[in-house]
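*Asks:* Okay, these came from TrEMBL:
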{"type": "BINDING", "residues": "G126, T127, G128, S129, G130, D149, N192", "note": "S-adenosyl-L-methionine binding site"}
{"type": "BINDING", "residues": "N192, P193, P194, Y195", "note": "substrate binding site"}
{"type": "DOMAIN", "residues": "118-200", "note": "domain 'Methyltransferase small'"}
Amino acid sequence: MFELEMTFEALREWGDWQLEPYIQDQTERMAQIDYLLTGMMDWNYGQLQNNLNTVIEDEKRIRFMVAVRAIKGGQPVQYALGHAPFYGREFNVDRRVLIPRPETEELVDWILKDEKQSAVNILDIGTGSGAIAVTLQAERPAWKVTASDISKDALIVADSNQIQHHVAVQLIESDLFDQFSPENQFDVIVSNPPYIAEQEKFVMDDSVLMYEPDLALFAADDGLALYKKMAAALLEYLAPQGSAYFEIGYLQGPALVELFEKLPDVVVELRPDLSGHDRMIRVRRTD
């Protein structure tokens, strides 16, 4: 259909033609195509528009075509590209880790605005790609950030991201608090744990179920299992006057407020995301 020497505009048309049977909405198709091209070229959308008549080099053309074929197979565009945006930075992602979501940026924003101290000792539990930990360390170089995950594979991805963004986060393989000592408490604990109930699988997008790791998505007990485990040990590892921040499912707010308010000497705050859904909770020690 096209000669091998192709302009960016011709490649966009090829991508649209390839994806039409798989993504019915043309606006969504073109959004994914432009996301791939701008990501590959490290451009913004305006730069892409200004270069539509430019011939793309062969290596980039082939990479784009391979990525489009992966998307045709159901792979999320971020995995096809190999990275995803988070808080103004690009993070390496693949099937070993969850794709960072915009809602998690709001959790990071809450911490950055809330914690005014110059020296903060932070633990990120279930770091995955390292998006939270690396972002906090990059935004606040004086802070000491530790990140843990039960998955060795996830920690490899997180390590690649800390190297890419020139920060030094301590990475530890651990199931929740297992590899930590209560003698070394943290000023801030943050976690975006698996919180989707197993019975919710039937309403989820196929690309998420096929490609993103179950270990990072699903939890027992209606998605509350890991929150309950962390709550049981939280005050051992959270320093006096310290705060713990959690991302939560949008229907889990009341249950988690009730759970954390059972702890002594804490104040619990539920916060909505920009869409108005309760998606974050903070537990602050008052002793």
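Keep in mind that glycine also has a Cβ here, set from the backbone N, Cα and C atoms.
Describe the structural context of each listed feature in the structure shown, including burial, neighbouring residues and relevant distances.
*Replies:* N192 (S-adenosyl-L-methionine binding site) has a Cβ environment of 25 other Cβ atoms inside 10 Å. In the three-state DSSP classification, N192 (S-adenosyl-L-methionine binding site) falls within coil.
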*Asks:* Given the binding-site residues P193, P194, Y195, which one's Cα is the least distant from that of T127 (S-adenosyl-L-methionine binding site)?
*Replies:* P193
*Asks:* May I ask for the distance between D149 (S-adenosyl-L-methionine binding site) and P194 (substrate binding site), taken between their Cα atoms and rounded to an integer number of Å?
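*Replies:* Between the alpha carbons of D149 (S-adenosyl-L-methionine binding site) and P194 (substrate binding site) there are 12 Å.
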*Asks:* Can you tell me which of the binding-site residues G126, G128, S129, G130 is spatially closest to Y195 (substrate binding site)? Compare CA atoms only.
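*Replies:* Closest by Cα distance to Y195 (substrate binding site) among the binding-site residues G126, G128, S129, G130: G126.
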*Asks:* Between G128 (S-adenosyl-L-methionine binding site) and P194 (substrate binding site), how many Å separate their Cα atoms?
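*Replies:* Each residue's Cα considered, G128 (S-adenosyl-L-methionine binding site) and P194 (substrate binding site) end up 11 Å apart.
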*Asks:* Take the domain 'Methyltransferase small' (118-200) and count its residues per DSSP category (helix H/G/I, strand E/B, coil), listing them in that order.
*Replies:* 25 helix, 23 strand, 35 coil
*Asks:* For the binding-site residues listed here, T127, S129, which shows the highest count of neighbouring CB atoms within 10 A?
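*Replies:* For the binding-site residues T127, S129, the Cβ with the most other Cβ atoms within 10 Å is T127.
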